[in-house]
Amino acid sequence: MLRRTLLGAAATTLALSTGAFAQDEPTKVGFVYVGPVGDGGWTYEHEQGRLAVEEAFGDQVETVFQESVPEGADAERVMTQMALSGADLIFTTSFGYMDPTINVAQKFPDVKFEHATGYKTADNVANYSARFYEGRMVQGHIAGKMTETNKIGYIASFPIPEVIRGINASFLAAKAVNPDVEFNVVWAFTWFDPAKESDAARALIEQGADVILQHTDSTAPQAAAADAGDVITFGQASDMSEYAPMPRVSSIIDNWGPYYVERVGQVMEGTWEPHSIWYGIDEGMVKIGEISDAVPEEVKAEALAMRDAIAAGELHPFTGPINRQDGTEWLAEGETADDGTLLGMDFYVEGLTGDIPN
Amino acid sequence: MISLVRRPQPSRVWAWATPILAVLLTVIAGSLMFAALGKDPVAAIRTIFYDPLFDPQFAGYSRPQLLVKAGPLILIATGLALGFKAGVWNIGAEGQYIMGAIAGAAAGLALYPIEATFIFPLMVIAGALGGWIWAMIPAILKTRFNTNEILVSLLLVYVAENLLASVAVGALRNPEGGGFPGSRNLAQWASSANAELIADTGLHWGVVAAIIAVIFAYVLLHRHLTGVHIRLAGQAPRAARFAGVNPNRLVVFCFAISGALAGLAGIFEVTGPAGQISIDFNVGYGFTAIIVAFLGRLHPVGILLAGLLMALTYIGGELASFMLGIPAAAIQAFQGMLLFFLLAVDVLTHYSIRLGSKRLA
């Protein structure tokens, strides 16, 4: 009896001493951001995730962040300094941080790293991304129903798979409800440049577009659409609700908080493992912002039903028959796209005009 | 009344004292700003200037990083200073830096995956040529059509940025990168890697090139006829003409040197610290180098020190930013103050201050 108690006590002490880290010293979590925390889009939402971590764990966690970190050598230095300052877990929240993250992770095997939107992992590096294209389908549906000129302008950032996927997903959904719809894609070659985004939006509106979709992070296109009057837009990365109910009629919101809380908790418990995840509407990483009153009731209902069907796994944005732009078959009747093809998507679907810059 | 009286000759004492005074004023004004943001100003200043150099937790890593960050700044600023001294304004070093990186990386990647010792030198030469060619556009437009070199060189930066984005997703994209933008990692390919020459010192070929450039510029400016021409053209253009200085040749010369050095900085960066051509490869070295050139009084040795100081504010600024939660914008404002105060106190070099009103006799 005594012996068992002693053993039990020893086990408890052991558990405490390994777990003591989490209790005496707070777990330190670092965040590396590509933009300013006040960008109103991509970085803003990651910052909301950091605040969610602080709220969930209180004194048990200490978070630090560095904003506007250029991708490349500077990112590597910031991560290294964070690791040196005692961070236990570091989230690196831009695609361009991939190689720096891997390099720094090699030097700090005891520090865990989480890289957003890339494809490399290591023993202490996980990667995570969201299925934004699911939200794009809902957006495309509303856009196809709402357009009167049948011209939809699309401000694209860079010709990378994520962006091309978004164009294809929204186009297919718009085309399904409006066979006459045309997409006019402008490549801005930037993620965040209010002046450039505003110019692109104005040019598209002048060419007759009455719906503007954007894959850039500022609210400048919303402002341009508000000036023009009868044009609708969708919030990107963040809700951008300050432009609701018009021109912003809905949005795709990146919701990182729950994932960040989950992973920080796992580091505290010592159960963190590297993985590669791609969460969508179902897991709550992609959210559809409130659909405003500018959208007719029935369209709104259809959009919400679509969202729920995607979440339930009953509906896939890429379901055959779908041909590539050149007319060759991509997906046969009823076939759905596999993640591998989606992750490397470098082609337009049939019906889209123009070329992907290369 | 306080009045300013123009000195017959710029004060030599003040020419060297003003940078120090500017740093002191920046520290004071910066402290006030940090205090206004609710941060401990002493801790902030210590984190920016002291911790990267002496804090046991960070210094081992930060000190070598100082060279990594200062290397391209010094290399570019040295070239720019030659032109600025002669009144030739190359504001587009950022574009020449990008073109150097693209040209050099392209030359190397064309030979991938051969392993050979000639590849790295070839890339370095291609990099210098890339920067040189980009600088020749404003130079020749200036000498042939008398266009404004400030405007042309600056606008070519944006052209270069778009070219960079285009090759990062197109011509130079890593074919094994799953369709994502960015070239192969040049730092991980033995033939092109610009690795540290001595482990954990931060010393790579770009830093060596920067030191050579400083020595070369010093000799050129102070021991060579071209240097005399450069200084004369800047201080007294008419006199320079009488002395037989060909202004067009000087414009081409200054742009050629500064373009080639910026191109070198680009290729050393892309093969070393940055590793790959990516959409956002350039981070403003070409523009910051203008500050460094003036902070260093357009003097090669001054530029060496100014480059190290600027690098310190970057590295220390990052530390202060995440250790103390100071917004990145406040750090940038702090760096901006440095140039502001430098220009403001520069007046002391050219003017002396007299107390009491000056009367006409």
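A Cβ is built for glycine as well, from the same backbone N, Cα and C atoms used for every other residue.
Since we're looking at a predicted model, the values are computed, not measured.
Database features (TrEMBL):
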TRANSMEM  B:12-37  transmembrane segment
TRANSMEM  B:66-84  transmembrane segment
TRANSMEM  B:96-114  transmembrane segment
TRANSMEM  B:120-141  transmembrane segment
TRANSMEM  B:150-172  transmembrane segment
TRANSMEM  B:202-221  transmembrane segment
TRANSMEM  B:250-268  transmembrane segment
TRANSMEM  B:274-296  transmembrane segment
TRANSMEM  B:303-324  transmembrane segment
TRANSMEM  B:330-349  transmembrane segment
Message = Six or more residues beyond either end and a Cβ under 8 Å away: which residues meet both conditions relative to the transmembrane segment (B:120-141)?
response = 90, 92, 95-97, 99-108, 111, 147, 149, 152-153, 156, 160, 191-194, 205, 251-252, 254-256, 258-268, 271
Two-stretch contact, the transmembrane segment (B:250-268) and the transmembrane segment (B:66-84), at least three Cβ pairs under 8 Å = yes
Task = Using a Cβ-Cβ cut-off of under 8 Å, list the residues of the same chain that are 6+ residues beyond the ends of the transmembrane segment (B:96-114) and lie near it.
result = 72, 76, 90, 120, 122-135, 157, 160-161, 163-164, 167, 171-172, 183-184, 186, 189, 191-192, 258-259, 262-267, 269-271, 274, 277, 281-282, 285-286
Ask   = Any residues 6+ beyond the ends of the transmembrane segment (B:66-84) with a Cβ under 8 Å from its own?
value = 52-53, 90, 93, 97, 201-204, 206-207, 209-211, 213-214, 217, 220-221, 230, 234, 254-255, 257-262, 264-266, 268-269, 272-273, 285-286, 288-290, 292-294, 296, 298-300, 303-304, 306-308, 310-312, 314-315
